[in-house]
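Peer 1: So TrEMBL says this about it:
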{"type": "DOMAIN", "residues": "27-62", "note": "domain 'EF-hand'"}
{"type": "DOMAIN", "residues": "63-98", "note": "domain 'EF-hand'"}
{"type": "DOMAIN", "residues": "138-169", "note": "domain 'EF-hand'"}
Amino acid sequence: MKNTQRQLSSSFMKLCKQLSSDSNGEDKNRDLAAVFACMDANRDGRISAEELKKSFNTLGEQLSDEEAEAAVKLSDLDGDGMLDFEEFAQLIRVGDEFTEEEKKSKIMEAFRMYISEGEDCITPRSLKMMLMKLGESRTTDDCVVMIKAFDLNADGVLSFDEFALMMMR
């Protein structure tokens, strides 16, 4: 669920950055309102899990039904099964509440979860083991492909720097 929240926050922040390159606090709120309005397809003032999923598809990112429902449930404070603007804004601002040092520390903490004892990088085997712990079954070949997408020096593993870049995307 934290990965879904991180993915949502990251994707929406990218969209907000695309909408405005120089964002002060007022611009960010305006951008956030614009993103919310785009996602609120039926204009009822709330975003459903289905609207969230369709918006991700529009952004070129995949979000499963389960992930969309989990994201809505995660931030739905009033229990109506939808996100109003304030709930949506809270979901998006999750990444903004940490200093750079705290963000780096959180990324290091996540990185350590994916490496095997005695190693200093994420290997296909260690990635497969962590995904299994998270309830997602992947083959080693799948993990090789996943790593290749962010393996900048083509050594077949993810260093902390490569992992950090992936997490910041």
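Note: Cβ is positioned from N, Cα and C throughout, glycine not excepted.
Owing to the predicted nature of the structure, the values given are computational and were not obtained by experimental measurement.
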Peer 1: Who are the chain neighbours of the domain 'EF-hand' (138-169) in space, where the CB to CB distance is under 8 Å and they lie at least 6 residues beyond its ends?
Peer 2: 6, 10, 14, 104, 107-108, 110-111, 114, 120-125, 127-128, 131-132
Peer 1: Could you tell me the mean pLDDT the prediction assigns to the domain 'EF-hand' (27-62)?
Peer 2: 83
